[in-house]
Amino acid sequence: FIYCGLVNSSKFTNVDRAGATFGTVQLFPGLGLSIGRLDFALGGIIVPHTHPRASELVYVEEGSVHAAIITSDSRLYARVITKGEVM
């Protein structure tokens, strides 16, 4: 149940100014969970997307981010979350 693959920040050179590192079920063999780390430069963005039949939790380690979640019944929850907050 230990995975150290998220210790280092993501490297990115894309126009989105964001990078992702993932711990999949194969790499993190704990209860069928996958985990991920997203790193953003100032002005970075992750394109809106969905995760059918999945859950997502957003935690801000540093700074702030405008985050939004669309539920399976199409309800939008959006706000700016800051260091230590979870959405």
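Placement of Cβ uses the backbone N, Cα and C atoms for every residue, glycine included.
All TrEMBL annotations are machine predictions without curation.
As written in TrEMBL, here are the features:
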BINDING   His49, His51, Glu56  Mn(2+) binding site
BINDING   His51, Glu56  oxalate binding site
DOMAIN    28-87  domain 'Cupin type-1'
Beyond the site residues His49, His51, Glu56: chain residues whose C-beta lies within 8 Å of the centroid, for Mn(2+): Thr50, Ala54
For the domain 'Cupin type-1' (28-87), mean pLDDT (0 to 100): 87
The domain 'Cupin type-1' (28-87) - residue tally per DSSP class, helix then strand then coil: 0 helix, 22 strand, 38 coil
